[in-house]
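Enquirer: Have a look at this one.
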Amino acid sequence: MAQNQQPIFQTKPPEQFVQIPINIERDSSTTRMNQTGITNRKPNHWPTITISIIFVIIGQSIAKLLENFYYDKINRSEYNENRQNDGVWTQSLLQTVGFPLLLLPFLIFITKNKRNHHQQPPITSDSIHVKSLAVIYICIGIIMAVQGRLAAMGKLEIPFGVFTLIYTTQLFFTPIFAAFINKIKFNRWVVISVILAIITGALTLSSSFGGEPDEAEENYARGSWAALFAGICFALLLCNIQNVFDSYIFKRTETTNKKTSFASVFEVIIFSSLVATIISVVGLLIAGEQHELKREMNGFSKGKGSYVMAMVGQAVSWQVYWVGIVGLVYSVSSVLSNVISVITWPIVSVLVVIFFNFMDDEFDAFKGVALVTAVLSAAAYFFRLHKENRMAN
C-alpha cells in the first residue's frame, strides 16, 4: 500500500503518525493472517471485541428466552403430529427480518467514513467488487435461511439435549472450513479454546426447551440430520463472512489507503439478511404458516399484546446477536465468533432455569461445569490474542 512505500536507504527513521479513531475501525493493513490464525491487531480493537461479545451474550440470551416463552405459552404440548413443525419458517424469519433496524447505524457510519476520506480517489475496481459481493451476499443469505429453518425444525423433532450435542458439531466444522476457505492456521491456544468450547456446548445437554417434543412426536432420524446440517451451515456461514471481509471489503479499501469502518459489519448483515428474509417469507407462504400465526395470536395464553411483543422482541434480539457475531468475525476471526456463540449457551440455560419452571430443569453440575469451561475457553483464546497484539507492536 502507498503508506508503506519508503526509500531503501534512509539517514533516520521515518516519522510515524498514529491516528486515534473516533469510531470503530479496523486497519486494512492488518488483515494478513499469521501462523496462529489470528490477524495482527492493534490494542484499540479490544473495545470492538468487548462490545461484540456483549452483543452476542445479550442478543442470544434474550432471543432464546423469548423463544422459550413463545413455545411455552402457545401450549405446544397439545399440538398433534400433523402440526408438529408449524412455525419453523416463522422462527427462521425472526432471525433476519429485523435487519431494517440496522439501516440507521449503517448510514451513520457510512456518512462518517465518507467525511473522513472525502479527498481519496475513487476505486476503479468498485464495480467488480459490487458484482462479486452481490453474488456472495445472496449465497450467505441462502445459508442463513436454511440454517435457521433446519435449527428450528431440529429442536421440534428430537430431545433438546440430543439436539444440543449434535448442533455442537459446528465447532468441528468451523476450524475445518476456516483452514480451507480462510487459510487459517492454528496454534495450541486456539485449539485448546475450541476443545473447551466443544465441552461447554456438550455439557448443556441438560438444558430444557419450551418446544421440546414428547415421545410420540420424536423423529430421531429427521431431527438429527436437521441439527447436523444446521451446525454445518452455521460454520460455513461464519467462514464465508470472514472471506467477504478478507477478500473483498478490506481489499476494496487498500488502494485508497484508508480504513474500513464498522459499517462493513452492518453491510454484510443487512444485505445477507434481506436475501434470507425473502427466502423465509416465501417458505412461510408456501407452508401456509401465515394462517397459523393468527390462530397462535388468538390462543396465546398471555394475550395478543404479549404475543406480538414476544415476536418483535425475538426479531430485535437476533439483530443484536448478529451484530455481535459478525463484529467478532470482523475484529478477529470466524473461529472466535463461533466459540463465543457456543460458550454463551450455559448462560442461556441458567436463565431458562431462573425464568421458567420446566419439569426436571434445575441448576445441576453439568451447567456449573459448563460455565467454568466457557470461561476457560474464552481465556485461552484471549491469552493468545493478547500475545499476538504484543508481538505486533
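Using the three backbone atoms N, Cα and C, a Cβ is placed for every residue, glycine included.
According to TrEMBL, the transmembrane segment annotation covers 46-63, 92-111, 132-152, 158-182, 189-211, 223-241, 262-287, 307-332, 339-359, 365-383.
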Enquirer: Any chance you could find the range in 46-63, 92-111, 158-182, 262-287, 307-332 with the most Cβ pairs under 8 Å to the transmembrane segment (223-241)?
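Expert: Result: 158-182.
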Enquirer: Quick one: do the transmembrane segment (262-287) and the transmembrane segment (339-359) have at least 3 Cβ pairs under 8 Å, skipping pairs fewer than 6 apart in sequence?
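Expert: When sequence-distant Cβ pairs are counted, the transmembrane segment (339-359) does not touch the transmembrane segment (262-287), since fewer than 3 lie under 8 Å.
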Enquirer: Under 8 Å, at least 3 Cβ pairs, sequence separation 6 or more: does that hold for the transmembrane segment (46-63) versus the transmembrane segment (132-152)?
Expert: no
Enquirer: Counting CB pairs under 8 Å, which listed stretch among 92-111, 307-332, 339-359 touches the transmembrane segment (158-182) the most?
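Expert: Most contacts with the transmembrane segment (158-182): 339-359.
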Enquirer: Check for me, if you would, whether the transmembrane segment (189-211) reaches the transmembrane segment (92-111) - at least 3 Cβ pairs under 8 Å, residues 6 or more apart in sequence.
Expert: no
Enquirer: Which residues of the chain, 6 or more past the ends of the transmembrane segment (92-111), have a CB below 8 A from one of its CBs?
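Expert: Here the qualifying positions are 23, 141, 144-145, 148-149, 152, 261-263, 266-267, 269-270, 272-274, 276-277, 280-281, 283-284, 311, 314-316, 318-319, 322-323.
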